[in-house]
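Pulled from Swiss-Prot:
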BINDING   69-74, 103-107, 127-128, Lys140, Lys149, 167-170  NAD(+) binding site
BINDING   Glu182, His245, His262  Zn(2+) binding site
Amino acid sequence: MQTLTVELGDRSYPIHIGRGLLDDPTRFAPRIRGKRVMIVTNETVAPLYLDRLKRTLGDFRVEAVILPDGEEYKTMETLNQVYTALLEARFDRKATLVALGGGVIGDITGFAAASYQRGVDFIQVPTTLLSQVDSSVGGKTGVNHPLGKNMIGAFHQPRCVVIDTDTLDTLPDRELRAGIAEVIKYGLICDRPFFDWLEANMDRLLARDPEALAYAIHRSCHDKAQVVAEDEREGGRRAILNLGHTFGHAIETGMGYGVWLHGEGVATGMVMAARMSRRLGWLDAEDLHRTEALIARAGLPVEPPPEITAERFAELMSVDKKVLDGQLRLVLLRGIGEAVVTADFDPAALDATLNQVGSGN
(Lines of atoms letter the chains of each structure in order from A; the text may use other names.)
(Lines give C-alpha, C1' and ligand atoms only; values in the text may rest on other atoms or scores of the structure.)
Protein backbone atom coordinates (compact mmCIF):
# COMPACT_ATOMS: atom_id res chain seq x y z
CA MET A 1 0.00 0.00 0.00
CA GLN A 2 1.07 3.56 -0.71
CA THR A 3 -0.20 6.71 0.98
CA LEU A 4 -0.13 10.28 -0.31
CA THR A 5 -1.29 13.37 1.55
CA VAL A 6 -3.26 16.29 0.17
CA GLU A 7 -1.69 19.16 2.13
CA LEU A 8 -4.42 21.60 3.18
CA GLY A 9 -3.39 22.56 6.70
CA ASP A 10 -5.81 21.26 9.32
CA ARG A 11 -7.98 19.82 6.53
CA SER A 12 -5.20 17.68 5.06
CA TYR A 13 -6.15 14.10 4.30
CA PRO A 14 -4.57 10.85 3.14
CA ILE A 15 -5.01 9.01 -0.15
CA HIS A 16 -4.48 5.28 0.40
CA ILE A 17 -3.71 3.23 -2.72
CA GLY A 18 -3.40 -0.56 -2.73
CA ARG A 19 -5.02 -3.95 -3.14
CA GLY A 20 -7.60 -5.29 -0.71
CA LEU A 21 -8.15 -1.97 1.08
CA LEU A 22 -11.94 -2.43 1.08
CA ASP A 23 -11.34 -5.12 3.72
CA ASP A 24 -9.03 -3.03 5.92
CA PRO A 25 -10.89 -1.20 8.73
CA THR A 26 -7.74 0.68 9.75
CA ARG A 27 -8.00 2.75 6.56
CA PHE A 28 -11.45 4.00 7.62
CA ALA A 29 -11.95 3.99 11.38
CA PRO A 30 -9.42 6.74 12.28
CA ARG A 31 -11.16 9.13 9.87
CA ILE A 32 -14.72 8.57 11.17
CA ARG A 33 -15.57 10.90 14.06
CA GLY A 34 -19.09 9.71 14.92
CA LYS A 35 -20.83 6.37 15.30
CA ARG A 36 -23.08 6.38 12.24
CA VAL A 37 -22.18 5.89 8.59
CA MET A 38 -24.30 6.19 5.45
CA ILE A 39 -22.82 4.45 2.42
CA VAL A 40 -23.98 5.97 -0.87
CA THR A 41 -23.57 3.67 -3.86
CA ASN A 42 -25.36 2.65 -7.05
CA GLU A 43 -27.16 -0.34 -8.52
CA THR A 44 -24.05 -1.54 -10.37
CA VAL A 45 -21.52 -1.28 -7.54
CA ALA A 46 -23.75 -2.37 -4.64
CA PRO A 47 -23.93 -6.08 -5.59
CA LEU A 48 -20.15 -6.16 -6.01
CA TYR A 49 -18.81 -4.32 -2.97
CA LEU A 50 -21.49 -3.03 -0.58
CA ASP A 51 -21.61 -6.03 1.75
CA ARG A 52 -17.80 -6.13 1.97
CA LEU A 53 -17.61 -2.50 2.98
CA LYS A 54 -20.41 -2.94 5.52
CA ARG A 55 -18.43 -5.77 7.14
CA THR A 56 -15.29 -3.63 7.20
CA LEU A 57 -17.22 -0.86 8.96
CA GLY A 58 -18.77 -3.31 11.43
CA ASP A 59 -17.79 -1.21 14.46
CA PHE A 60 -20.18 1.53 13.28
CA ARG A 61 -23.92 1.75 12.72
CA VAL A 62 -24.03 1.49 8.95
CA GLU A 63 -26.88 2.14 6.55
CA ALA A 64 -26.88 2.47 2.78
CA VAL A 65 -28.73 4.23 0.00
CA ILE A 66 -28.54 2.74 -3.49
CA LEU A 67 -28.96 5.17 -6.39
CA PRO A 68 -29.47 4.57 -10.12
CA ASP A 69 -26.27 4.34 -12.17
CA GLY A 70 -25.24 6.85 -14.82
CA GLU A 71 -24.34 10.46 -15.58
CA GLU A 72 -27.96 11.13 -16.52
CA TYR A 73 -28.85 10.62 -12.82
CA LYS A 74 -26.38 13.23 -11.53
CA THR A 75 -29.30 15.52 -10.71
CA MET A 76 -30.98 17.39 -7.88
CA GLU A 77 -33.65 14.67 -7.86
CA THR A 78 -31.08 11.97 -7.14
CA LEU A 79 -29.39 14.19 -4.56
CA ASN A 80 -32.75 14.47 -2.81
CA GLN A 81 -32.83 10.68 -2.44
CA VAL A 82 -29.68 10.94 -0.31
CA TYR A 83 -31.14 13.74 1.82
CA THR A 84 -34.33 11.72 2.29
CA ALA A 85 -32.40 8.64 3.41
CA LEU A 86 -30.40 10.72 5.91
CA LEU A 87 -33.47 12.47 7.30
CA GLU A 88 -35.60 9.34 7.56
CA ALA A 89 -32.80 7.59 9.46
CA ARG A 90 -32.29 10.66 11.72
CA PHE A 91 -28.63 11.21 10.88
CA ASP A 92 -27.12 14.16 12.75
CA ARG A 93 -24.07 16.38 12.23
CA LYS A 94 -21.71 13.65 13.44
CA ALA A 95 -22.66 11.51 10.45
CA THR A 96 -20.08 10.30 7.95
CA LEU A 97 -21.11 9.63 4.37
CA VAL A 98 -19.08 7.14 2.33
CA ALA A 99 -19.10 7.39 -1.47
CA LEU A 100 -18.72 3.88 -2.90
CA GLY A 101 -18.65 4.12 -6.69
CA GLY A 102 -17.43 6.21 -9.58
CA GLY A 103 -17.35 9.92 -10.22
CA VAL A 104 -21.11 10.45 -10.21
CA ILE A 105 -21.49 8.80 -6.80
CA GLY A 106 -18.52 10.73 -5.43
CA ASP A 107 -19.83 14.07 -6.67
CA ILE A 108 -23.37 13.49 -5.38
CA THR A 109 -22.21 12.15 -2.02
CA GLY A 110 -19.74 14.98 -1.55
CA PHE A 111 -22.39 17.60 -2.31
CA ALA A 112 -24.83 15.90 0.05
CA ALA A 113 -22.14 15.96 2.75
CA ALA A 114 -21.33 19.61 2.04
CA SER A 115 -24.96 20.66 2.41
CA TYR A 116 -26.65 18.23 4.83
CA GLN A 117 -27.12 20.14 8.11
CA ARG A 118 -24.63 22.66 6.66
CA GLY A 119 -21.84 20.14 6.38
CA VAL A 120 -20.88 16.64 7.54
CA ASP A 121 -17.86 14.42 6.94
CA PHE A 122 -17.45 12.10 3.99
CA ILE A 123 -15.00 9.53 2.68
CA GLN A 124 -14.27 8.71 -0.95
CA VAL A 125 -14.02 5.05 -2.01
CA PRO A 126 -13.68 5.36 -5.80
CA THR A 127 -14.23 2.19 -7.85
CA THR A 128 -13.50 3.44 -11.39
CA LEU A 129 -10.15 4.49 -12.78
CA LEU A 130 -11.48 7.95 -13.62
CA SER A 131 -12.69 8.59 -10.09
CA GLN A 132 -9.51 7.12 -8.58
CA VAL A 133 -7.20 9.44 -10.50
CA ASP A 134 -9.35 12.55 -10.64
CA SER A 135 -12.76 13.22 -9.16
CA SER A 136 -12.22 11.63 -5.73
CA VAL A 137 -9.30 13.97 -4.97
CA GLY A 138 -9.63 17.70 -4.43
CA GLY A 139 -13.06 18.32 -2.94
CA LYS A 140 -15.08 19.28 -6.00
CA THR A 141 -18.67 18.11 -5.56
CA GLY A 142 -21.93 18.79 -7.34
CA VAL A 143 -24.65 17.86 -9.77
CA ASN A 144 -25.53 18.68 -13.36
CA HIS A 145 -28.21 21.03 -14.68
CA PRO A 146 -29.90 20.59 -18.06
CA LEU A 147 -28.14 23.77 -19.20
CA GLY A 148 -24.66 22.82 -18.01
CA LYS A 149 -22.49 20.18 -16.36
CA ASN A 150 -21.38 20.57 -12.72
CA MET A 151 -22.94 24.02 -12.46
CA ILE A 152 -24.45 23.39 -9.00
CA GLY A 153 -22.01 22.29 -6.31
CA ALA A 154 -19.52 23.10 -3.58
CA PHE A 155 -15.91 22.61 -2.55
CA HIS A 156 -15.93 20.07 0.29
CA GLN A 157 -12.84 18.01 1.04
CA PRO A 158 -13.16 14.35 2.05
CA ARG A 159 -11.72 13.00 5.30
CA CYS A 160 -9.75 10.45 3.28
CA VAL A 161 -9.66 8.66 -0.08
CA VAL A 162 -9.39 4.86 -0.09
CA ILE A 163 -8.43 3.44 -3.50
CA ASP A 164 -8.69 -0.35 -3.66
CA THR A 165 -7.15 -1.13 -7.05
CA ASP A 166 -8.81 -4.57 -7.04
CA THR A 167 -12.09 -2.82 -7.92
CA LEU A 168 -10.70 -2.23 -11.41
CA ASP A 169 -11.04 -5.99 -12.05
CA THR A 170 -14.79 -5.49 -12.50
CA LEU A 171 -14.54 -2.27 -14.53
CA PRO A 172 -15.78 -2.50 -18.16
CA ASP A 173 -13.16 -1.82 -20.84
CA ARG A 174 -14.91 1.35 -22.01
CA GLU A 175 -14.83 2.77 -18.47
CA LEU A 176 -11.14 1.85 -18.14
CA ARG A 177 -10.29 3.74 -21.33
CA ALA A 178 -12.32 6.73 -20.13
CA GLY A 179 -10.23 6.79 -16.96
CA ILE A 180 -7.01 6.66 -18.97
CA ALA A 181 -8.03 9.96 -20.56
CA GLU A 182 -7.68 11.70 -17.20
CA VAL A 183 -4.34 9.93 -16.63
CA ILE A 184 -3.04 11.28 -19.96
CA LYS A 185 -4.22 14.73 -18.89
CA TYR A 186 -1.66 14.89 -16.07
CA GLY A 187 1.16 14.23 -18.50
CA LEU A 188 -0.10 16.97 -20.77
CA ILE A 189 -0.66 19.67 -18.14
CA CYS A 190 2.31 19.35 -15.80
CA ASP A 191 4.31 16.12 -16.08
CA ARG A 192 6.11 15.52 -19.37
CA PRO A 193 8.16 12.57 -17.99
CA PHE A 194 4.86 10.87 -17.07
CA PHE A 195 3.63 11.45 -20.63
CA ASP A 196 6.79 9.72 -21.88
CA TRP A 197 6.08 6.81 -19.50
CA LEU A 198 2.51 6.55 -20.78
CA GLU A 199 3.73 6.31 -24.37
CA ALA A 200 5.97 3.42 -23.34
CA ASN A 201 3.38 1.66 -21.15
CA MET A 202 -0.05 2.25 -22.73
CA ASP A 203 -0.35 -1.40 -23.79
CA ARG A 204 0.26 -2.50 -20.19
CA LEU A 205 -2.47 -0.19 -18.92
CA LEU A 206 -4.98 -1.43 -21.50
CA ALA A 207 -4.07 -5.01 -20.54
CA ARG A 208 -4.79 -4.10 -16.88
CA ASP A 209 -1.26 -4.85 -15.70
CA PRO A 210 -1.58 -4.33 -11.90
CA GLU A 211 1.85 -2.73 -11.46
CA ALA A 212 1.34 -0.32 -14.35
CA LEU A 213 -2.13 0.67 -13.14
CA ALA A 214 -0.90 1.19 -9.57
CA TYR A 215 1.93 3.40 -10.81
CA ALA A 216 -0.39 5.45 -13.05
CA ILE A 217 -2.89 5.95 -10.22
CA HIS A 218 -0.20 6.98 -7.73
CA ARG A 219 1.50 9.37 -10.16
CA SER A 220 -1.84 10.94 -11.18
CA CYS A 221 -2.93 11.43 -7.57
CA HIS A 222 0.49 12.87 -6.71
CA ASP A 223 0.25 15.40 -9.53
CA LYS A 224 -3.32 16.37 -8.64
CA ALA A 225 -2.58 16.63 -4.91
CA GLN A 226 0.24 19.07 -5.62
CA VAL A 227 -1.97 21.29 -7.78
CA VAL A 228 -4.84 21.23 -5.26
CA ALA A 229 -2.48 22.09 -2.39
CA GLU A 230 -1.33 25.17 -4.34
CA ASP A 231 -4.83 26.35 -5.29
CA GLU A 232 -7.67 24.59 -3.47
CA ARG A 233 -10.58 26.65 -4.78
CA GLU A 234 -9.48 27.06 -8.39
CA GLY A 235 -8.59 30.73 -8.21
CA GLY A 236 -5.63 30.23 -10.51
CA ARG A 237 -3.36 27.28 -11.24
CA ARG A 238 -5.89 24.55 -10.35
CA ALA A 239 -7.85 25.40 -13.49
CA ILE A 240 -5.17 23.59 -15.55
CA LEU A 241 -6.83 20.39 -14.31
CA ASN A 242 -9.67 21.31 -16.68
CA LEU A 243 -7.65 20.72 -19.85
CA GLY A 244 -10.13 19.43 -22.43
CA HIS A 245 -13.08 19.92 -20.11
CA THR A 246 -14.63 23.01 -21.69
CA PHE A 247 -14.85 21.29 -25.08
CA GLY A 248 -15.61 17.94 -23.41
CA HIS A 249 -18.43 19.22 -21.22
CA ALA A 250 -19.99 20.79 -24.32
CA ILE A 251 -19.94 17.37 -25.99
CA GLU A 252 -21.43 15.65 -22.94
CA THR A 253 -24.18 18.23 -22.55
CA GLY A 254 -24.89 18.56 -26.26
CA MET A 255 -25.17 14.82 -26.84
CA GLY A 256 -27.20 14.22 -23.67
CA TYR A 257 -25.66 13.17 -20.36
CA GLY A 258 -24.43 9.56 -20.48
CA VAL A 259 -24.18 9.20 -24.27
CA TRP A 260 -20.49 10.12 -24.19
CA LEU A 261 -18.62 9.13 -21.04
CA HIS A 262 -16.88 12.00 -19.25
CA GLY A 263 -13.44 10.62 -20.10
CA GLU A 264 -14.38 10.31 -23.76
CA GLY A 265 -15.44 13.95 -23.87
CA VAL A 266 -12.23 14.99 -22.10
CA ALA A 267 -10.13 12.97 -24.55
CA THR A 268 -11.63 14.68 -27.58
CA GLY A 269 -11.55 18.01 -25.74
CA MET A 270 -7.81 17.64 -25.11
CA VAL A 271 -7.23 17.00 -28.81
CA MET A 272 -9.27 20.10 -29.68
CA ALA A 273 -7.30 22.17 -27.14
CA ALA A 274 -4.03 20.85 -28.57
CA ARG A 275 -5.12 21.67 -32.14
CA MET A 276 -6.13 25.17 -31.10
CA SER A 277 -2.79 25.60 -29.31
CA ARG A 278 -1.04 24.54 -32.52
CA ARG A 279 -3.05 27.11 -34.50
CA LEU A 280 -1.92 29.79 -32.06
CA GLY A 281 1.69 28.76 -32.61
CA TRP A 282 2.08 27.68 -28.98
CA LEU A 283 2.38 23.91 -29.52
CA ASP A 284 4.78 22.44 -32.04
CA ALA A 285 3.70 19.90 -34.64
CA GLU A 286 5.50 16.98 -32.98
CA ASP A 287 3.82 17.53 -29.60
CA LEU A 288 0.43 17.77 -31.31
CA HIS A 289 1.07 14.51 -33.14
CA ARG A 290 2.19 12.77 -29.93
CA THR A 291 -0.93 14.00 -28.12
CA GLU A 292 -3.29 12.78 -30.82
CA ALA A 293 -1.45 9.48 -31.19
CA LEU A 294 -1.44 8.61 -27.48
CA ILE A 295 -5.13 9.38 -27.06
CA ALA A 296 -5.95 7.28 -30.13
CA ARG A 297 -3.78 4.39 -28.84
CA ALA A 298 -5.83 4.42 -25.66
CA GLY A 299 -8.89 3.65 -27.78
CA LEU A 300 -10.40 7.07 -27.12
CA PRO A 301 -12.17 9.36 -29.60
CA VAL A 302 -10.10 12.15 -31.13
CA GLU A 303 -12.90 13.73 -33.19
CA PRO A 304 -15.99 15.43 -31.74
CA PRO A 305 -19.44 14.22 -32.81
CA PRO A 306 -20.57 15.79 -36.10
CA GLU A 307 -24.02 16.33 -34.57
CA ILE A 308 -22.64 19.31 -32.62
CA THR A 309 -22.10 22.24 -34.96
CA ALA A 310 -19.62 25.04 -34.38
CA GLU A 311 -22.49 27.31 -33.39
CA ARG A 312 -23.83 24.77 -30.90
CA PHE A 313 -20.33 24.26 -29.45
CA ALA A 314 -19.97 28.01 -28.91
CA GLU A 315 -23.38 28.19 -27.24
CA LEU A 316 -22.63 25.29 -24.90
CA MET A 317 -19.15 26.58 -24.05
CA SER A 318 -20.59 29.92 -22.97
CA VAL A 319 -22.17 28.09 -19.99
CA ASP A 320 -18.91 27.09 -18.32
CA LYS A 321 -17.51 27.66 -14.84
CA LYS A 322 -14.36 29.15 -16.35
CA VAL A 323 -16.33 32.03 -17.91
CA LEU A 324 -15.52 35.16 -15.88
CA ASP A 325 -17.05 38.57 -16.56
CA GLY A 326 -18.42 37.22 -19.81
CA GLN A 327 -14.98 36.09 -21.01
CA LEU A 328 -14.31 32.46 -21.88
CA ARG A 329 -11.05 31.18 -20.40
CA LEU A 330 -9.54 28.06 -21.92
CA VAL A 331 -6.84 25.65 -20.78
CA LEU A 332 -4.34 25.42 -23.64
CA LEU A 333 -0.87 23.96 -24.14
CA ARG A 334 2.52 25.57 -24.72
CA GLY A 335 4.05 22.12 -24.83
CA ILE A 336 3.55 18.65 -23.42
CA GLY A 337 3.73 19.18 -19.66
CA GLU A 338 2.99 22.91 -19.83
CA ALA A 339 -0.63 24.06 -19.64
CA VAL A 340 -1.86 27.64 -19.36
CA VAL A 341 -5.24 29.10 -18.41
CA THR A 342 -6.00 32.12 -20.53
CA ALA A 343 -8.64 34.33 -22.07
CA ASP A 344 -5.91 36.02 -24.12
CA PHE A 345 -6.13 34.13 -27.40
CA ASP A 346 -7.05 34.96 -30.98
CA PRO A 347 -10.76 34.17 -31.33
CA ALA A 348 -10.09 33.14 -34.92
CA ALA A 349 -8.13 30.13 -33.63
CA LEU A 350 -11.12 29.01 -31.58
CA ASP A 351 -13.48 29.58 -34.51
CA ALA A 352 -11.20 27.56 -36.80
CA THR A 353 -11.02 24.72 -34.27
CA LEU A 354 -14.80 24.58 -33.91
CA ASN A 355 -15.34 24.85 -37.65
CA GLN A 356 -13.00 21.90 -38.26
CA VAL A 357 -15.36 19.57 -36.38
CA GLY A 358 -15.66 16.41 -38.42
CA SER A 359 -12.78 17.27 -40.75
CA GLY A 360 -10.03 15.62 -38.68
CA ASN A 361 -7.86 18.74 -38.64
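Keep in mind that glycine also has a Cβ here, set from the backbone N, Cα and C atoms.
Note that this is a predicted model, so its numbers are computed, not measured.
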Env. residues of Zn(2+) site, Cβ within 8 Å of mean position of Glu182, His245, His262 Cβ: Leu130, Asp134, Ala181, Lys185, Gly244, Gly248, Gly263, Gly265, Val266, Gly269
His262 (Zn(2+) binding site), number of other Cβ atoms within 10 Å: 30
Alpha-carbon spacing, His262 (Zn(2+) binding site) to Gly103 (NAD(+) binding site), which is rounded to whole Å: 9
Listed binding-site residues (Gly103, Gly106), ranked by Cβ neighbours within 10 Å, top entry: Gly106
His245 (Zn(2+) binding site) and Glu72 (NAD(+) binding site), distance between Cα atoms, whole Å: 18
Entry from the binding-site residues list Thr128, Thr167, Thr170 having the most other CB atoms no farther than 10 A: Thr128
Cα separation, Glu182 (Zn(2+) binding site) to Thr170 (NAD(+) binding site) (Å, whole number): 19
Of the binding-site residues listed as Asp69, Gly103, Thr128, Thr167, the one whose CA lies nearest the CA of His245 (Zn(2+) binding site): Gly103
